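To start, the structure under review is shown below, and the notes come after it.
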Amino acid sequence: TLGMLVPLLLVLLFCLGGHAGLSPHFLKQPDDLVALLGDEARLPCALGEYWGLVQWTKDGLALGGERDLPGWSRYWISGNAASGQHDLYIRPVELEDQASYECQATQAGLRSRPAQLHVLVPPEAPQVLGGPFVSLVAGVPANLTCRSRGDARPTPELLWFRNGIRLDGTTFHQTLLKEGTTGSVESILSLTPSSVDDGATLVCRARSQALPSGKDTAITLSLQYPPVVTLSAEPQSVLEGEKVTFLCQATAQPPVTGYRWAKGGSPVLGARGPMLEVVADASFLTEPVSCEVSNAVGSANRSTALDVQFGPILQARPEPTSVDVGEDASFSCAWRGNPLPRVTWTRSGDAQVLGSGPTLRLPSVGPEDAGDYVCRAEPGRSGLGGGAAEARLTVNAPPIVTALHSAPAFLRGPARLQCLVFASPAPDAVVWSWDEGFLAAGSQGRFLVETFPASESRGGQGPALITVLHISGTQESDFSRGFNCSARNRLGEGGALVSLGRRDLLPTVRIVAGAAAAAMTLLMVIIGVALCCWRHGKASFSKQKNLVRIPGSSDGSSSRGPEEEETGSGEDRGPIVHTDHSDLVLDEEGALETKDPTNGYYKVRGVSVSLSLGEGPGGGLFLPPPSPLGPPGTPTFYDFNPHLGMVPPCRLYRARAGYLTTPHPRAFTSYIKPTSVGPPDLTPRTPPFPYAAFPTPSHPRLQTHV
């Protein structure tokens, strides 16, 4: 039974479905539509199984049932009504056409779904304020404003482009009208132009759905900018002393109004225009040349430094250094040059290189390291410059005391001992000491101490002092003991032992005796020649004889030779010579009698010498000039050597000429005792200091002691 019901139900359903397909229905309904202002809009509508009245409504308002829609000049219904086509056309579309539309089958009671017609208004070309040529100042921030025009729908988008590339940095601004509809739209482009933007073209584009390609408005930038400067030097690399030309080129809007040159920040006086010629020196390496160019907008400056090659120039000298023994020492010096000079260190007077570079380090110095150190810069590749600078290293150490050479002294005579002291720091005290005492300064009994700076010093061992111990009236003990010269500073003490040498009189007597024998021999030769001339002479000699008796024996005896007796009988005698010496006396015969000054100690025998002394041109006594030798208070010496060295012709020899006329069997010269003792010579290894040598007891001229 159930199996039979199923086929029946299927037949019923088939019958019902066939009856429904014959009722009116929509074959096509309108959809939302977007139309451009001025274009044509078409809203489709198709009905099946319906041949009645069809009408369209606009926002609920019926447009009418006729096909040409009277009263709506831009509206009409088109299509084959027999086939159910009832499409609504609008041309041209206007803003008022934007509404909701329905297609209705009135007799069938059918209504289509509503279709919204959107009317799009494409944007017009935007407006750029200040265009089409906009004047800007380079480097000064500026805003460019692009504004839309017309009642574009939808609201357009404003974009900025340069060379087809979209620019960033824009802001968008929209103005609303009172009715709530969209008003004008602005886009502002913020930029800081530069000189390269002069003449550039910028585009503002208004774009929307109504006009995807958009509409453009172009502007050209007219830029005012300060000068753009390029500074060059020819040649760029030079030797010191060569000429260099600087060229300053500039582009500017408005044009350039002036140039100004400077070197190292200081104006170059008299420099005008875009060119400058100079003579390069070392300062151009560190003091660049600058060129400043100006116009009405502003100014710009460019500078350049030359590659000047020059020899080493000393910038910082090494400073003297003082350190204690065992400490480290260092010196520093600075040289400037191009190319950079090579700096070496040596000791003064030594070619050995101790180090290189601006700093010399000496670890754990000793006294031997004291001295002068030289910082030397070698000339560069240019061959210019170069030089050296010295600094002294003083090593603080205990004093170094050196005994200086002291001259031997006579017993009971003055003596002088001295020593040389080097000390850094300066000694606190310098002391002479001996067996029974010591003395640092001043006098004590027979002893006197003097200390004074030396004229020279050993480099790096501190200032030198000379200390002298004077002894008046030496004793036997002074020659056998040592005198200690010592000095002390904060680092220690140093000393040296000085001995006094003795000088005897015996060598002096031998020297005097030898000199006397030589003088006597010479006198005998001269007297023999004079006697020969006397005998053959025509002139008569003076009868009065002036006899000068040379001291001889201790008993004061003297003798005359036969020649003296012979010559003593003349009538024309000269005056007798009188002196103020206490050792000459007149004997009973009126002659000068001499004393033995040694009281017979040296057994000197007297020798009588007869001199004929004539008168001078003025009538006075004619004598040779006194000898300058000998201190005040000693006997006067007459130098007969110039006369004794001349042998007058026998025939022309005159008695009144004042020469020696009597032969003499003996003669001798006298030894002169020095009156002062100068500083002795230094020992061979001591530094040279001024001293006075003892005078040598020898005399080149023959003298007679009267």
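Cβ from N, Cα, C; glycine included.
Under the heading signal peptide, TrEMBL lists 1-20. Under the heading domain 'Ig-like', TrEMBL lists 24-118, 123-222, 226-307, 312-394. Among the features that TrEMBL reports, transmembrane segment is placed at 511-534. The region 'Disordered' annotation in TrEMBL covers 548-598. If you look up TrEMBL, you'll see 551-560 marked as compositional bias 'Low complexity'. Positions annotated as compositional bias 'Basic and acidic residues' by TrEMBL: 570-584.
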Task = Count the residues of the domain 'Ig-like' (312-394) that DSSP assigns to helix (H, G, I), to strand (E, B) and to coil, and report the three numbers in that order.
result = 3 helix, 46 strand, 34 coil
Message = Considering every residue in the domain 'Ig-like' (123-222), what is the mean pLDDT value?
response = 83
Message = DSSP on the domain 'Ig-like' (24-118): how many residues come out helix, how many strand, how many coil?
response = 3 helix, 42 strand, 50 coil
